[in-house]
Structure formats: structure tokens, C-alpha cells
Amino acid sequence: MTTFVLFGGTGDLAKRKIIPALYSAFVNGRLDSEFKFIGAAREALTHEEFRQRVSDSVNQYAGKVIGGSAEKLAAFLACTDYAKIDARVPEDFAVLKSSLHTSASNATLFYLATGPDIFIPVVEQLSKHGLVKGNARVVVEKPLGRDAQSAKEINQSLRNYLDEHQIYRIDHYLGKEMVQNLLALRFANSFLEPLWNRKWIQDVQISISEQVGVESRGDFYDHTGALRDMVQNHLLQLVSIVAMEPPVNANPDAIRDEKVKVLRALRKFTNEEVSKKTVRGQYRAGAVDGKPVIGYQAEPGVPPASRTETFVAIRAEIDNWRWAGVPFYLRTGKRMASRSAEITINFKPIPYSIFGQSQGPMRSNRLVITLQPEESVQLFMKAKEPGEGIRLSDVALNLDFAEASNLRRVESYERLLLDAMHGDLTLFVRDDELNAAWSWIDPIMNAWQNDSEGLKSYIAGSWGPAAASYLLAQHGAAWGEEYVES
Ligand code: BG6
């Protein structure tokens with residue numbers, strides 16, 4: 001029997017992501033028959049009132065769940081209860097304990113979808129009430145800390161009450177189908193590995209662009225910024241998977257051992273390098289998809305003179321034998337021209353063209369792994385256009401996953417929740433990974449704090465500040481959308 005206790009059960013993340021994911025797992029028969037869901041938050045709600053919120057969340061955000069129906073929802077709600085819990089009131093945990101069936105055969109998953117300041121008080125109370133023994137696991141949401149020091153303190157405190165194997169640090173990008181496919185692509189095919197290094201690869205680009213702004217999270221976002229919100233976690237996790245050495249097997253620690261080596265090998269920037277190798281921006285009013293949108297400083301919850309970045313581009317380098325000298329260009333931003341998450345491996349150009357210069361500069365081969373909006377892997381090669389003479393054009397060997405398989409797509413939160421329930425840590429972040437990621441981020445953040453001039457602005461609906469293009473152009477490179485195909 002599995003019991004799922006969701007702290008922050010009335011919050012935004014619960015409503016948009018976690019409850020719909022849980023419902024989808026339920027509809028698809030992935031939860032055991034005695035599954036129980038307890039929402040926990042400070043608000044005084046009856047079970048019925050909470051069930052109504054769960055129902056609203058499913059209706060609003062789980063629209064695409066195949067097989068969902070009013071009957072299924074009623075059955076899901078029948079497994080759902082509510083517990084009013086204030087993290088600082090021990091008696092509340094005693095009440096929670098009385099509603100849990102803690103025994104060796106029962107697994108309890110506590111999901112902390114709250115601010116990080118609540119993590120330790122909650123875990124301390126769970127431990128004091130004997131709730132994190134045996135099969136209990138705890139999922140903690142990002143952001144885990146604000147810098148290396150605070151992340152270390154949180155981790156140390158968590159470890160006072162839990163073993164590392166009980167701690168599931170979630171990064172929902174690791175649950176995306178294509179991220180795992182990247183592991184398959186790299187380590188289940190023979191032809192890529194000989195090319196996957198500095199000898200054949202010119203640069204790697206990882207870009208996550210969003211069209212949304214900060215929505216209802218202005219206050220949170222303004223204290224966080226894009227570097228902490230996206231780069232420290234999602235982008236660096238993608239870097240570690242693209243760049244890691246082959247692990248000895250597919251066990252969680254074998255994979256995480258290799259990922260952490262990459263994060264440790266990321267070259268740390270000096271202050272001077274930060275100004276040359278990073279670009280930060282903030283969006284002004286503009287238009288996204290033809291609709292006018294306000295600027296960041298006018299968003300609710302954001303101070304009018306805010307200097308928080310909503311866009312980041314970085315030229316990173318990995319100091320090891322495989323990658324020395326290969327730039328990893330990282331980019332993410334809100335209110336950009338389109339929503340996409342893409343990893344592009346740009347291979348080196350051919351040494352010499354027998355076809356002459358008449359056809360203009362040729363873009364070299366590239367492998368493009370698209371995580372969203374659609375999932376695909378495309379290998380762009382040069383081929384001859386049909387007809388007289390030789391005219392070259394780009395042709396993609398195209399693995400379109402939506403077309404290639406009609407198996408059900410599992411959304412990232414659902415996959416990660418199920419992994420946590422089954423005790424699979426592969427797609428969760430280990431504490432040493434987190435520390436290594438923060439250690440690389442800290443010097444950037446510190447340099448930015450002391451440089452009041454560095455924040456550029458960009459128009460909402462664009463691809464970010466011009467400086468982000470120059471970051472690549474000065475090295476003869478360009479972001480994917482900047483290429484004009486001849
Ligand atoms: C979250 C960030 O971790 O990821 C959000 O806090 C961001 O600001 C979101 O919008 C992006 O996730 P996805 O899966 O929509 O690309």
C-alpha cells in the first residue's frame with residue numbers, strides 16, 4: 001500500500017502539475033489498489049473542500065489524460081483526504097501519524113512542494129513522529145537553496161533525519177521523455193560514441209525558451225531569477241547528460257557518478273570572464289504570438305525597478321579530455337519568440353569542399369534533440385537536390401517520436417512520482433551533483449551582484465538581447481534560429 005502525502009497541497013505546483021500527474025497515474029492503473037492521497041497545507045479545509053480543489057485541478061489541468069472520466073475522478077477523490085498541517089506545530093504531525101498506516105509493507109512518499117524554508121521543520125517533525133523510518137521517502141522540490149552554502153546547509157540538515165537513499169531531489173527536466181532517450185541514443189548505439197568528443201564536435205547548444213512570463217509567481221521569481229530558476233538545475237542537468245562518460249551500468253549511482261564528474265569539470269569563471277562569457281537580460285513590453293504583453297517590471301509582485309534577470313546566455317566550457325575547447329552555449333529566457341527546448345550538437349565542418357564556394361558557406365552536420373514542444377531527434381546531413389548538376393541542401397534523418405510510436409506519453413511529473421514510489425533514484429539529483437552545480441553558479445551570481453551595468457533589456461517576443469548573439473558570433477557561431485539556409 002502506498003500513501004502519498006503532499007505538503008503544499010493547496011499550492012500552485014500541486015494544482016498545475018502534481019495532482020494532474022497523480023490522477024493520470026491513477027487512471028492508467030499505475031497506483032496500487034489501496035493507494036491513498038493526503039493533501040497537507042496550513043489552510044483549514046475539510047476533506048470535502050480539498051477534494052473539490054483536487055477535482056478543479058484535474059478538470060483544469062489534466063484535460064488530456066487518456067481514459068479519464070467522471071467515474072475515474074470520483075474513484076480518485078475517494079482515495080483523497082486532507083490534513084491541516086502547520087510545519088511548526090508538532091501536534092499537527094501527531095494527527096497526520098494517526099491517519100497513516102505505517103508498517104513495513106506500507107510505503108509512504110512525502111512530497112515537499114513548499115518553499116525550502118519549510119523543508120527542514122517538516123522533515124524534523126516527520127522524524128520526531130517516527131514517520132521517516134523504513135520505506136518512507138521524501139521528495140524535495142527545487143529551488144534547493146540560493147547558493148552553494150545554503151544548499152549545503154539544507155542538505156546537511158536533511159541528512160540529519162534521512163539517509164541519502166530516502167531523499168528524492170526532483171528536477172522535472174530529468175523526467176522528460178527525450179532526456180532519457182538521450183541516454184539511449186548515446187549508450188545504445190555504436191556510431192555516435194566515436195564522434196562524441198572534441199575531435200568531431202564544434203560546439204553544443206542547449207536552449208530552453210519560454211513564451212510565458214512570470215505568471216502569478218512575480219514575487220518568487222524576482223527573488224530567484226533565471227540563473228537559479230533554470231540554469232542551476234534544468235540546464236546543468238542537461239549538460240551533464242550530454243557530456244557524461246559512459247557509466248558502468250544503468251544503476252542510479254553509476255549514472256550520477258558520471259554526471260557529477262561533468263559538473264565538477266565545468267570551468268569556474270573569474271569576475272572578468274563572467275562579463276565576457278555571460279549575458280543576462282530582462283524583458284520589456286512587447287508582443288508574443290502577436291498579442292501585446294507587459295514588461296517584467298510591470299508584472300504583479302515585481303518591484304518597478306527590479307534588476308532580476310529573465311534571460312541568461314552562457315558560454316561554458318568543460319575541462320576534461322573529451323570536451324576541452326568545445327564551447328557549451330546555454331540559453332534560457334521567458335517571453336521569448338517561441339517555446340522550445342532543444343539540444344544541438346554542431347559537428348565540425350568538412351575539411352575542404354570539392355564542390356567549391358559557388359553555393360555559399362555550408363552549415364555543417366548537426367544533431368538536434370528536441371524535448372518540446374514536440375519530441376524529435378534529427379540528424380541534418382548534406383545531400384544533393386534532385387535535378388541537374390550538384391546543388392546541396394540540408395536533409396534531416398528524422399526520428400519523429402509522435403509518429404514512430406503511439407504508446408502513451410508519460411508526462412515528466414508522473415514518471416518521476418512513480419519512480420519515487422518505486423524507489424528508483426536514477427532521475428533524481430544527488431547531493432554532490434547539487435553542490436557541484438551551485439559551486440559553478442556562485443561566481444556568476446556574485447559577479448552579477450557587483451555589476452550594476454550588466455543587465456540588458458530585450459523586447460518580449462524576441463530571441464533575447466543582441467549581446468546573446470554576439471556571444472556566439474565573436475567565435476563564428478550562431479544560435480539555431482539565426483542561420484539563414486541558402
Ligand atoms: C520550472 C521553472 O522549474 O520550469 C519555471 O520554475 C519554468 O519558471 C518551468 O517555467 C519550465 O518547465 P517546462 O517543463 O514547461 O519547460
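Placement of Cβ uses the backbone N, Cα and C atoms for every residue, glycine included.
What TrEMBL lists as active site, proton acceptor is His234. According to TrEMBL, the NADP(+) binding site annotation covers Gly8, Gly9, Thr10, Gly11, Asp12, Leu13, Ala14, Lys15, Arg42, Lys142. According to TrEMBL, the substrate binding site annotation covers His172, Lys176, Glu210, Asp229, Lys334. Taken from TrEMBL, the feature domain 'Glucose-6-phosphate dehydrogenase NAD-binding' applies to 5-181. What TrEMBL records for 183-479 is domain 'Glucose-6-phosphate dehydrogenase C-terminal'.
Taking the features listed in TrEMBL, we show where each one sits on the structure.
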| residue | record | DSSP class |
| --- | --- | --- |
| Gly8 | NADP(+) binding site | coil |
| Ala14 | NADP(+) binding site | helix |
| Arg42 | NADP(+) binding site | coil |
| His172 | substrate binding site | helix |
| Asp229 | substrate binding site | helix |
| His234 | active site, proton acceptor | helix |
| Lys334 | substrate binding site | coil |
Exercise. Which number gives the other C-beta atoms within 10 angstroms of the C-beta of Glu210 (substrate binding site), all protein chains shown included?
Worked result: 18
Problem set entry | Helix, strand or coil at Glu210 (substrate binding site) [DSSP, three-state] | coil
Seminar exercise, completed: For Ala14 (NADP(+) binding site), the same-chain residues 6+ apart in sequence with C-beta under 8 angstroms from its C-beta are Leu6, Gly8, Gly39, Ser57, Ala113
Exercise. Of all the recorded positions given, His172, Lys176, His234, Lys334, which residue's CB has the most CB neighbours within 10 A?
Worked result: Lys334
For this session: Check the Cα-Cα distances from Asp229 (substrate binding site) to the binding-site residues Thr10, Asp12, Arg42 and tell me which is shortest.
Result: Asp12
Seminar exercise, completed: Filtered by Cβ distance under 6 Å to ligand 1, the binding-site residues Thr10, Lys176, Asp229, Lys334 reduce to Asp229
For this session: Using all protein chains shown, find which of the binding-site residues Asp12, Asp229 scores highest when you count other CB atoms within 10 A of its CB.
Result: Asp229
Exercise. Rounded to a whole number, how many Å is the Cα of Glu210 (substrate binding site) away from the Cα of the residue listed as 'active site, proton acceptor'?
Worked result: 13
Seminar exercise, completed: Whole-number mean pLDDT, the domain 'Glucose-6-phosphate dehydrogenase NAD-binding' (5-181), equals 92
Seminar exercise, completed: Among Gly8, Gly9, Thr10, Gly11, Asp12, Leu13, Ala14, Lys15, Arg42, Lys142, the record's NADP(+)-binding residues, the widest C-alpha separation in angstrom comes to 20
For this session: From the recorded positions Thr10, Asp12, Arg42, His234, pick the residue whose C-alpha lies nearest to the C-alpha of His172 (substrate binding site).
Result: His234
Seminar exercise, completed: Longest inter-residue Cα distance for the substrate binders His172, Lys176, Glu210, Asp229, Lys334, rounded to the nearest angstrom, is 20
For this session: List the residues of the same chain that sit at least 6 positions away from Thr10 (NADP(+) binding site) in sequence and have their Cβ under 8 Å from its Cβ, in sequence order, or write 'none'.
Result: Gly39, Ala41, Glu43, Leu45, Phe50, Arg53
Exercise. About how far apart, in whole Å, are the alpha carbons (Cα) of Asp12 (NADP(+) binding site) and Lys334 (substrate binding site)?
Worked result: 19
